[in-house]
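Notes follow once the structure below has been shown.
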Amino acid sequence: MNHPPLTGSKLVWITLALSMSVFMQVLDTTIANVALPTISGNLGAATSQGTWVITSFGVANAIAVPLTGWLAKRLGEVKLFTASTLLFVLTSWLCGMSSSLEMLIFFRVLQGAVAGPMIPLSQSLLLSCYPPEKKGMALALWAMTVIVAPVFGPILGGVISDNWHWGWIFFINVPVGLAAAFISWRILKPRETETVDLPIDRIGLALLVIGVGALQMVLDRGKELDWFNSTEVITLAVIAVLALVYLVIWELGEKHPIVDLSLFKQRNFTVGTIAISLGFMLYFGTVVLLPLMLQTQMGYTATWAGLAAAPIGLIPVVLSPIIGKYAQRLDMRWVVTVSFSVYAVCFFWRSTFNPQMDFAYVVWPQVVQGIGVACFFMPLTTITLSGLHPSQIASASSLSNFLRILAGSIGTSITTTMWDRREAMHHARLTEHVSLYDQASNAWFRLLDMAGLSSGQQAALTSLQITKQGYIMAANEIFWLSGVLFVLLIGLVWFAKPPFTASGSDSGAH
């Protein structure tokens, strides 16, 4: 059943409510990162154990996202979204009330699971509320919240953990989530989508849970356990590969699949999903790397590291609505080409980072990259969803978002592992140059002698400086490689075929 687009105050309120829910859910994926030491200390656990607070959410969320399309057809998009948001509020409150690490991890698993449908359905429902000529604007507004939330997460997490009880990281979701659920239900209840009494694809569901769960565990635990030198990681990797390969084979022959792989028959969906996943993998890897480098090697506090990263959200706030407004007239392939080109330039710029750089040197690439970010999410989402029937949007959105989120996890794991391993290599090479016969070394040690440092202190300080140099050189290599890969990605997007309409045929409403 098709519903007419919303107008006036209802359209404003539903856009605000759906954006708030996206902001809240995306924020929750990054807000706990900075507060981990505080949470672990307060609950009497080691920081390495505390990482399960992030891992548990990621695993459950990764499993739940691809189920969204199937659940939406069975329950209705509006009911599922409202229930998901209310359960997210409840589990957030329970997370904040936790008195032990085990309790917190248990509630984070539940929180990640119930949060799965929120992002795909917010996208699908928002598109159904806008007329065809304004769907580009709808996607632009949606994309803005996805962009800004990960930037604010570390800042907000740092401020809360520095000044209040860590539980407030989760409690802040309660009023926001209740408001979003109430507004969404009031406005969208009469616009509920048609439901189909689909049978449960039990084998597909089991394979999805096992495969995605094991893969996410490999990505989250790999670095800590030294990857394939660990029996646990090897076992999980084998389980993940076998389960996911069998899942693909099973779903292709299943009449009512839990994951609709037939979407990949659509050329634009395939091109858009691959481009947004690979682009996000490169982008999100540095979203994690930059604050980490600033805090561990440059002496920044969590708040200042967050502030250095935050300017990436400035230009998209202004530019995204403009791109959305003129989306009907623009060839999205050119917009994405601009995005990938700007990303490449900014990554090459960052590859010149040095230990003496000031705050402005870190901030300016972030500001300029905002142009690339504004031209990234909305145009690629438009390409991905173009040519699809309105009834396919929820499934397409959930599958595309699942692969994007998974790519982000892969990007984070590869980036942090490469960073450590390249630092070890640079550390060894730089150490070779420290000798009595090296002119620069002699000048350095004379300087330390004049400062009155003992030989032990000189050795410790020298090692510290070499480590710092090694990590910055390693980061620069990753930035340079990311720039090269973005240049190569430009060619991929030109395999998409116009016309690009934000949700396929006619009104795209449900």
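Even glycines carry a Cβ here, placed using N, Cα and C.
According to TrEMBL, the feature transmembrane segment maps to 12-32, 52-71, 78-99, 139-160, 166-188, 200-219, 231-249, 269-294, 300-322, 334-353, 359-380, 478-496. Under the heading domain 'Major facilitator superfamily (MFS) profile', TrEMBL lists 14-501.
Put simply, of 12-32, 200-219, 269-294, 300-322, 334-353, the stretch with the most CB pairs closer than 8 A to the transmembrane segment (359-380) is 334-353. Note on the domain 'Major facilitator superfamily (MFS) profile' (14-501): mean pLDDT across this stretch is 84.
Taking pairs at least six residues apart, the transmembrane segment (478-496) and the transmembrane segment (269-294) share three or more Cβ pairs below 8 Å and count as touching. The highest tally of CB pairs under 8 A with the transmembrane segment (78-99), across 52-71, 166-188, 200-219, is held by 166-188. With a cut-off of 8 Å on Cβ pairs spaced 6 or more residues apart, the transmembrane segment (166-188) and the transmembrane segment (12-32) reach 3 or more such pairs and are scored as touching. Here the transmembrane segment (334-353) does not lie next to the transmembrane segment (231-249) in space: the count of CB pairs under 8 Å, restricted to residues six or more apart, is fewer than 3. Only residues 6 or more beyond the boundaries of the transmembrane segment (200-219), in the same chain, are considered here, and those with a CB under 8 A from a CB of the stretch are 55, 58-59, 62-63, 66-67, 70, 233, 236-237, 239-240, 242-244, 246-247, 250-251, 254, 256-259, 406, 409-410, 412-413.
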